[in-house]
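J.: So TrEMBL lists the following for this protein:
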TRANSMEM  B:21-43  transmembrane segment
TRANSMEM  B:63-82  transmembrane segment
TRANSMEM  B:94-111  transmembrane segment
TRANSMEM  B:117-138  transmembrane segment
TRANSMEM  B:147-165  transmembrane segment
TRANSMEM  B:192-215  transmembrane segment
TRANSMEM  B:236-259  transmembrane segment
TRANSMEM  B:271-290  transmembrane segment
TRANSMEM  B:297-318  transmembrane segment
TRANSMEM  B:324-345  transmembrane segment
Amino acid sequence: MDARALTKRFGDILANDRVDLVINKGEIHALLGENGAGKSTLVKMFYGSLEPDGGEILWQGNRVKIDNPATARELGIGMVFQHFSLFEALTVVENIALALPNPGRMADLAKRIEAVSKDYGLPLTPTDVVADLPVGIRQRIEIVRCLLQEPRLIIMDEPTSVLTPQEADRLFLTLQRLAKEGCAVLYISHRLEEVKRICHHATILRHGQVVRECDPTKETPASLASMMVGADVAAVSASEKKANLGGVRLGLKNLSAPAATPFATALNKISLDLRAGEVVAIAGVAGNGQGELFDAISGERPVRSFMIEIDGTACGTKSITWRRRQNAAFVPEERLGHGAVPGMLLSQNVVLTRHATSDGLSWGGLVSLPKAVSIQERIKRDFDVRMSHDNPEARSLSGGNLQKFVVGRELDRKPGLLVVDQPTWGVDAGAAALIRQALIDLARSGSAVLAISQDLDEIFEIADRIAVISRGYLSEAEPAEKMTRERVGLLMAGGAETQGDVA
Amino acid sequence: MRIELVKRKEQSKAMALLSPVIAIALTALSAAIIFSLTGHNPALGLYKFFIEPLTQQWSLEATIDKATPLILIACGLAICYLSNNWNIGAEGQFIIGALFGSFLPILFPDFENGATLPLMLVSGALGGALWALIPALLKTRFNTNEILTSLMLVYVASLLLDYLVRGPWRDPGGFNFPESRMFSDAATLPEVFGGALSLATPITLVIAIVLAVLLAKTLKGFEIRVMGQSPRAGSFAGFSAKGLTLFSFALAGALAGLAGTMEVSGALNQLLPTISPGYGFTAIIVAFLGRLNPLGIIVAGFVLALSYIGGEAVQTALGVSNKIASVIQGLLLFFVLACDTLILYRVRVISRRAPGGEASHV
């Protein structure tokens, strides 16, 4: 594939500005860039979901016009999305049949699925219902669905964000095999380690333009990151000053809770002592109980009183407001709709989590909006939240900027205990470094920080101790320097469960 | 050519004010089309319906009289709708409120003193609140759909009223007509402004203004708006969804019940088998036309009251069925909800098959 001077404009914003990109047969080509650099826009043009405003696409030497995804598939371009498009109530084979132009008989298709998936090291059972399958397997379905159409180019958007290291290794083998067979892969990822490991070539986008092309195997993750951001990314300095441990701020004692819905995870006898001055990170693959654990600690979902202690006081049944008054602060994973109300101004979103604490935002039932506005301005300044005009609605902020805002809103309180779920999810490298440094600094100033994350790089960067959550069980928190990626991977894949049972 | 809706980054403030105006204009246009289809002069029809009632003092007063219960009920409903609780049963809460407010003058006609009226009003509000709490409790306890339960209770309430005025509460000296006894003077809402209006109107205006302040300035108002927009964020803020469901239903029921009591005490002076021309349902339209804002609702209540008076006017002047009023009310709600789309979306007309919109992935 050869794209020349592709341009796409949304209103006044040039999302892609004369982008040139050549992908060769048998090549794994990385597409790198910060959030909003224009990666998604570019691949959507390749896949026919967006039409370019200028430039041309050459496919195997011929000029083509890709009007819609069906045309793309006919040409032999397949795509695996970051967010899956599967019907949960249907089986694997039914889901795949829906995407194929002429699926033929179900039984034959099921045999083909079994053969192809096994052949590529991604075994699937065609009769399984999707709802019962973990995320890693769901992704396999998407990949196998692509493979069945014998693509010449596969586009993958952050495929490893939902996988354990072991599952990711398996995916890499598949990708390498595909490349050997002559298929081209366009690989989008924020994880620079993997890019360096498996990609042959990298194109880096910034503000919609190609800024560099390079051979990632000859670069370091740090040099790749600085190319993306356009400046040196401040390395997060964690271990220079060792933590001065204080008393236990947050104690989880045999925390158990049944699953609230059939798709939720039950929590099983989770125990953890979080001390003042340290950052403890909880690793794990998405959907293993992180959300449930967060809700229990924050108080959105009450549990038995003795199960949670804040500064020594049992409070499993106490409200989130009570816990905030104990100087605890919480940042949930979902920023829009949970951490912030989309249609409300940022200042009103300050009131959302701080109306009951000692900020003077609420007095005798009346809300002081001017005070909220000035707090909002302070957060904006301290955490470099960029916005188009003063105090906009939360929904108008980009994901990364809103994340800086919701994290900043809590850090601004200087909480004694901070629990944060996915602190830098979907945030670009520059902002991520800022947030991570702020978490470490908070801990060093004597607070306790619990970070739940699915990003291992992040965890090793910030954590003093690491625990792993798997199917609602938590492994014992161990000092970060004794942990290795392999060990974390094994615990993610179920090791935490057996350990949790023993403990 | 193709018409697209493009999502705005933020709500448009201009459109938030303009959308009810556009909706009223579109309703008038549709009404004109209906008038001409039924063989009437559309200009005359529109004039009789929308303008003439405003030109005479008696019809202006009648309009304000009708607007009063609409505004009071709609203020309560706005609190419900803002907090994502779909109370459709204000008509029933209005009736039960009227019953609770009437038991004193009907069963104890000799209890006549300064406390009579205040007791009636309090008991009417209480009755409406209790009736509204039934669907609220069913929702919080059993997760039932409050739209259905609150609506169905309307029919229970109106049959209960019908039974009482034909049976136990029938006026002993009333020649077997299905009516209660007339209320005594002590149980009658006094008139103000030289007899032009009942005390209900100033009471309603005060309540609307208090609620406007509650919504704009207090933590409770903040809670109501947060819960309506994203319940998950509301529970993260430490607000209780169940508590708010009970609160908003009780408040809406109390205001509807108060409106019911003031209607029987101020306007009818007795209980009849039918005491409302559908105020509880029309108030739903009022609430939305007023953009769920008590101050907007004051204006909207007046517009909808006009449709009652205008409906009668076109019936006498042109011989059009007075059902035209219901048709126009329905059209108005339809256009109000449709025009609300414009607040968060921009309409873009695309002349040629052009780049722009994003097709779906699959």
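Here the Cβ of each residue, glycine as well, is placed from N, Cα and C on the backbone.
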J.: By a Cβ-Cβ criterion of under 8 Å, what residues six or more beyond either terminus of the transmembrane segment (B:147-165) are in contact with it?
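T.: Counting only partners 6 or more residues beyond its ends, the transmembrane segment (B:147-165) has Cβ contacts under 8 Å with 86-89, 91-93, 95-96, 98-99, 131-132, 134-135, 138-139, 178-180, 271-275, 280.
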J.: Please report, as numbers and ranges, the same-chain residues at least 6 past the borders of the transmembrane segment (B:117-138) whose CB is under 8 Å from any CB of it.
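T.: Contacts with the transmembrane segment (B:117-138): 85, 87, 89, 92-94, 96-105, 144, 146, 149-150, 153, 157, 186-189, 245-246, 248-258, 260-262, 265.
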J.: Residue list, the transmembrane segment (B:297-318) vs rest of chain: Cβ under 8 Å, 6 or more residues beyond ends.
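T.: Here the qualifying positions are 20, 24, 35, 40, 44-45, 48-50, 52-54, 59, 62-68, 70-71, 74-75, 78, 205, 208, 277, 282-283, 285-287, 289-290, 324-326, 328-329, 332.
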J.: Under an 8 Å Cβ to Cβ limit, what residues of the same chain, 6 or more beyond the ends of the transmembrane segment (B:21-43), are close to it?
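T.: Long-range Cβ neighbours of the transmembrane segment (B:21-43): 49-50, 289, 303, 318, 320, 324, 327-328, 331-332, 335-336, 338-339, 342.
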J.: Any chance you could find the range in B:63-82, B:192-215, B:271-290 with the most Cβ pairs under 8 Å to the transmembrane segment (B:94-111)?
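T.: Between the candidates B:63-82, B:192-215, B:271-290, the best contact partner of the transmembrane segment (B:94-111) is B:271-290.
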